[in-house]
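Below is one structure, written out as structure tokens; the observations come after it.
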Amino acid sequence: MSEPPAAANPAKPALPDFQQRYELLVASISDYAIYMLDVDGYVSSWNPGAERFKGYKADEIMGQHFSRFYTEEDKATGLPARALAAARDEGRFEGEGWRVRKDGGRFWASIVIDPIRSPYGALLGFAKITRDITDRRAAQEALRRSEQNFRLLVQGVSDYAIYMLSPQGEITNWNVGAQRIKGYPQDEVVGSHYRRFFTDEDRAAGVPERALETAAREGRYESEGLRVRRDGTRFYAHAVIDAIRDEYGTLLGFAKITRDITEQRRAAESLEQTRNALFQAQKMEAIGHLTGGIAHDFNNLLAVLSSGVDILNAQQPNAPALRVLESMRRAIDRGALLTQQLLSFARQQPLAAATHQPNALIGSFEQVLRRASGPQVSFVFDLAPRLANIVVDEARFEATLLNLVVNARDAMPDGGTLVLETRNVRLGENEVGTLPAGEYVRVTVRDTGTGMPPEVVARAFEPFFTTKPVGKGTGLGLSQVYGFITQSGGDVQIHSEPGEGTAINLFLPAHEGGGEALAGTAPQAERVLIVEDDQLVMAVACDLFETMGYEVQTAPDAVVALRMLERNGEVDVLFTDLMMPNGMTGLELARTVRARWPEIRIIIASGYPQQALQGDQADLHEFHFVGKPYRIADLARHLRAAD
Ligand code: ADP
Ligand code: MG
């Protein structure tokens, strides 16, 4: 029998049992290419697995050099020879790489080359086991790529700081968002403890450590709070810490996601503020209506009393009667003052508004303010140069300052510092209350006194709201300040906290332009036409004019009054109430009369000034105006005033 020289013919019957079984085993393996190379690398055996992977039949490949399974690139670098040399010298060569099938297709192979030696150590050849792991590699590659994509995604997210911490809290990686939000570049921050992002207070209180403990214990920790950027500025953060554990439950570290929610918080806060401001404005509006209504009616009653007292006084009463009348007069005056204060809050007091330089107003009033503040208080005037003008009623402006200074003094029973400051400011829309955007003058009265808790701040403008003992406070100071400033087109702000003192800011629209002044008219006259719908008030007015020697005609409304004038225009004075039924107001009547009978003097009476009703500043100066309750002296003054 002629036998082939190599020992690898699978169908050789003459082999002993052991050898046969071994060859059968190798021959039946199709998942692995198992074959032998001779010392120089020529194929000397081949199994079905090799045939399956590589595509060569045994008789095609036997005796061929194994380098043909390598790619051109690997062949060019001498990889086949190096693999054999490594197996020979180191006892084993293991590797992965692209291999080429007979048809030229490639597969990713895991290979092992073992040297085969004789019992005496002589190298006989090599055993080569190759496995096609293309699928596994593809899976690994896909995983790797998806991990890389994920990493790129995380790294590229700029709205969230996403990073990981070791179980001890050291930063292990960093993304673009983290750099953007916190300001640290990656190389500066990785490896350091994440507590550096917390405020000193939080660090001292152990907040960062507690957060990790909670996350480790409960799997997750969510919080909002102030964090510190690299440049030391603070931002409001929403942070989530998730514990990361392996499949055995060992803590590997933490994933941390932080969002900068400063803007959202600011928006939410300003919405809340706007809501509060609106609520406050509506509340003041409602109280204003109520107060104005009551004060107005009360004024009409006072008018009756006041005129009655005047009439009785004019009838030469005896001494005891005079005393009674005198105390009645005082009570009426007090009542009149009170209603004036209430009307002032309700923005229903006439304003003699004119253009003023606020620093000048303050300067001429300085001595009064200093005296009011008392000797205990050090009073600082901090007036801005080139302060804009404002349009205000001078007397009311002074009363406002006095009110604020007295409040400040009361808040500093043991002395302190009081600052009166003026500034030009530019406001954005709704930055203060509901004021439109524009230039304003801010007048601030600031004290170092007791301050106010929020619930007092919220109610301080309400009339009759006072925290002072009975007899000490009326609760009408700030309500008048508020009424006056808002009636003047401005707004008032209180900044105060208990123990921190108080600052009251008055904002008044800046104005560049000429002042307006009151003009006077009306000489003595003999005939008066009184137009008044309230019978009581009408009776009083008739008495008053009769007392002054006038011949009186009366009309219950404007329409009747016009008809009377048309019939006989023999009237020197028209005395009309402002508010009247039947559509035509006193103001409209006055205008009509002025147009048609320009020689008639006109006086308008009302608890309400025209301004509050018409919203027209000019109307106030168009006619003579008498506030209720009117007294002989007031009427006489207006009647006497030069044309
Ligand atoms: P009154 O002074 O008569 O109490 P106000 O209307 O002037 O009335 O003030 C109302 C309340 O506002 C005061 O009772 C006080 O509680 C508080 N208040 C006003 N100004 C100050 C201030 N400068 N410091 C502390 N509290 C103040
Ligand atoms: Mg007061």
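Cβ from N, Cα, C; glycine included.
Bear in mind that TrEMBL entries carry predicted annotations, made automatically and left uncurated.
Fair warning: this is a prediction, and the values are worked out from it, not measured in the lab.
Some features that TrEMBL has for this protein:
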- 34-75: domain 'PAS' (DOMAIN)
- 93-145: domain 'PAC' (DOMAIN)
- 146-219: domain 'PAS' (DOMAIN)
- 221-273: domain 'PAC' (DOMAIN)
- 293-512: domain 'Histidine kinase' (DOMAIN)
- 527-643: domain 'Response regulatory' (DOMAIN)
- Asp577: 4-aspartylphosphate (MOD_RES)
I'd like the per-state residue tally for the domain 'PAS' (34-75) from DSSP, helix first, then strand, then coil. 19 helix, 9 strand, 14 coil
Using Cβ-Cβ distances, find the residues under 8 Å from Asp577 (4-aspartylphosphate) that belong to the same chain and are at least 6 apart in sequence, listing them in sequence order. Val531, Glu532, Asp533, Asp534, Val537, Gly586, Ile604, Ala605, Ser606
What mean pLDDT does the predicted model reach across the domain 'Histidine kinase' (293-512)? 91
The DSSP breakdown of the domain 'PAC' (221-273) into helix, strand and coil residues is 12 helix, 30 strand, 11 coil
